[in-house]
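Undergrad: Structure incoming, see below.
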Amino acid sequence: MAARWAQFLLFSLLSLPQVYCEYGMVHVLSEKGSSKGKDYCILFNSQWAHLPHDLGKASLLQLQDQTASVLCSPSDVPDGGFNNRIPMVMRGNCTFYEKVRLAQINGARGLLIVSRERLVPPGGNRSQYEEIDIPVALLSYSDMLDIVKSFGRSVKGAMYAPNEPVLDYNMVIIFVMAVGTVAIGGYWAGSRDVKERYMKHKRDDGAEKHEDETVDVTPIMICVFVVMCCSMLVLLYFFYDHLVYVIIGIFCLAASIGLYSCLSPFVRRFPLGKCRIPDNNLPYFHKRPQVRILLLAVFCISVSVVWGVFRNEDQWAWVLQDALGIAFCLYMLKTIRLPTFKGCTLLLLVLFVYDVFFVFITPFLTKTGESIMVEVAAGPSDSATHEKLPMVLKVPRLNSSPLALCDRPFSLLGFGDILVPGLLVAYCHRFDIQVQSSRVYFVACTIAYGIGLLVTFVALALMQMGQPALLYLVPCTLITSFSVALWRKELAMFWTGSGFAKDLPQPPLVIASVNCPQLPKDSNVPASQQETEEMANPTLHVKELHSPTLAAEEPADNDTKTEQSEVSIAQSEEAAGHNKDDLESKSLNLEQKQLE
């Protein structure tokens, strides 16, 4: 139960949009001109001031080493100020705004803040951005030491932000991962739904124990979910440094469960490790699970722990994060079930409004002028932990660029942009199977999701800023699903989910006929009377089948007559039962073949 609530809490954070850090370069060379220049990575915020894209257009200015101070008070300013120079000062003790304001007042043309910790974008509020007109950037402490070692203390530098390709090749990888996860998860959810009904009909309890329970989402649950989204987002906004580790821990737990759920069907097919552990009284282990299942559980937990320990290793940790994220999304898609298109529409539209409000409306409500959503997704600039929320697929940029010197800029896609439309795709596949529509809803909705994602990438290229993907995915998937149902004249059934049955459809009841031999007709008795007697006394036919002489002895053998009648009726019911089972089996086999 605790794990279920943890997953629900994590799901409430999945629609957070992501932002991109702004990387630039500082080109450093000796004032004497005796050595070749060298580029170093910097992290800046273009809201303070823009940097030129071409090195030839950047001003080459003297770098003044002031790393002995933090530039938080006028006493930290040297005599003569920073006239037309770029001071290098240490990070800490005051805000970025206080540092850059002192530098600008004293004639600086830019500011480099040296950080011993991980680089974060230097942030401020809207009024502070309007007041400052010189660029400010963060430089790592190791790069500062390399500058002093390579060029001495008399150096010049030029800050610039080289252009990058509008779209990177990594977008193809993100597209394949996202669409593939939605398609596989939706298909799996529909197939699993049919299998559950099949197992329930057969009353095969042993087989059902291996399956995870599904959760049918109701309108009340959707309302609770939205309230949790809003509450958790506001709590993260005010208590980010404390709650971010809780979210990371929940992600590790949920991702390990998702990975186990995805791999267990394959592990159960292996012929090895079927033996069970000995009898014991330990919790869970008293059920004597198979050795191979225990090994799988240990493996899944180990993968999550490894990611949790090395999550900030940009060279390879993103591969583990993507694998765990895809497994988690597949698990959620096959576990959470929306029973009606009405519920799907409600969920998608509510989250659509949720995104719009927290991205575009909250900047007018906060003191800093920043949206709550962006502030939480990017991590507050004054965060002491500098941790990032992990609910994203991330792929490093693949195009060659001078910015490859930096900490590998990533392209990101939130799990919510996969799960929320994916629940609609899963509903479409289950509806396809129920109405036997050759998966037209499933295919159309999956294609619509892919088109919506492509539109998101185009908007990203045109606006050169991170996009809330649900802004494009929700209209594409909802309109497409609605149009298909309208075209097939199944809108009422699709809207209410009335095509679904709690159990498998029952075949029509067929009563087997009882073959009775005809009595020899008496010419002296009217035909209508003979037919009436035959219908009223079918047992007589059974008796005459055994011996013609029994007809004359009928009054003396009433007990035998009753006995024979019961046998005849029992045989009739048995034949009808066999026919019913045959029809049910044919119906089940038809659904299984349709899935295959």
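Cβ from N, Cα, C; glycine included.
Straight from Swiss-Prot, here's the annotation block:
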{"type": "SIGNAL", "residues": "1-21", "note": "signal peptide"}
{"type": "TOPO_DOM", "residues": "22-170", "note": "topological domain 'Lumenal'"}
{"type": "DOMAIN", "residues": "53-147", "note": "domain 'PA'"}
{"type": "CARBOHYD", "residues": "Asn93", "note": "N-linked glycosylation site"}
{"type": "TRANSMEM", "residues": "171-191", "note": "transmembrane segment"}
{"type": "TOPO_DOM", "residues": "192-219", "note": "topological domain 'Cytoplasmic'"}
{"type": "TRANSMEM", "residues": "220-240", "note": "transmembrane segment"}
{"type": "TRANSMEM", "residues": "243-263", "note": "transmembrane segment"}
{"type": "TOPO_DOM", "residues": "264-289", "note": "topological domain 'Cytoplasmic'"}
{"type": "TRANSMEM", "residues": "290-310", "note": "transmembrane segment"}
{"type": "TOPO_DOM", "residues": "311-315", "note": "topological domain 'Lumenal'"}
{"type": "TRANSMEM", "residues": "316-336", "note": "transmembrane segment"}
{"type": "TOPO_DOM", "residues": "337-344", "note": "topological domain 'Cytoplasmic'"}
{"type": "TRANSMEM", "residues": "345-365", "note": "transmembrane segment"}
{"type": "ACT_SITE", "residues": "Asp355", "note": "active site"}
{"type": "TOPO_DOM", "residues": "366-408", "note": "topological domain 'Lumenal'"}
{"type": "TRANSMEM", "residues": "409-429", "note": "transmembrane segment"}
{"type": "ACT_SITE", "residues": "Asp417", "note": "active site"}
{"type": "TOPO_DOM", "residues": "430-441", "note": "topological domain 'Cytoplasmic'"}
{"type": "TRANSMEM", "residues": "442-462", "note": "transmembrane segment"}
{"type": "TOPO_DOM", "residues": "463-466", "note": "topological domain 'Lumenal'"}
{"type": "TRANSMEM", "residues": "467-487", "note": "transmembrane segment"}
{"type": "TOPO_DOM", "residues": "488-596", "note": "topological domain 'Cytoplasmic'"}
{"type": "REGION", "residues": "543-596", "note": "region 'Disordered'"}
{"type": "COMPBIAS", "residues": "575-585", "note": "compositional bias 'Basic and acidic residues'"}
{"type": "COMPBIAS", "residues": "586-596", "note": "compositional bias 'Polar residues'"}
Undergrad: Can we call the transmembrane segment (409-429) and the transmembrane segment (316-336) in contact, meaning three or more C-beta pairs below 8 angstroms at a sequence separation of 6+?
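TA: When sequence-distant Cβ pairs are counted, the transmembrane segment (316-336) touches the transmembrane segment (409-429), since at least 3 lie under 8 Å.
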Undergrad: Can you give me the Cα-Cα distance between Asp417 (active site) and Asp355 (active site) in Å, rounded to a whole number?
TA: 11
Undergrad: Rank the active-site residues Asp355, Asp417 by how many other Cβ atoms lie within 10 Å of each Cβ and give me the one with the fewest.
TA: Asp355
Undergrad: For the transmembrane segment (171-191) and the transmembrane segment (345-365), does the number of C-beta pairs under 8 Å, pairs 6 or more apart in sequence, reach 3 or more?
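TA: Output no: the transmembrane segment (171-191) is apart from the transmembrane segment (345-365).
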Undergrad: With pairs restricted to those 6 or more apart in sequence, evaluate whether the transmembrane segment (243-263) and the transmembrane segment (316-336) have 3+ C-beta pairs under 8 Å.
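TA: The transmembrane segment (316-336) and the transmembrane segment (243-263): touching, yes.
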Undergrad: Taking the Cβ of the residue listed as 'N-linked glycosylation site' as reference, which residues of that chain separated by at least 6 in sequence fall under 8 Å from it?
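TA: Non-local contacts for the residue listed as 'N-linked glycosylation site': Val70, Cys72.
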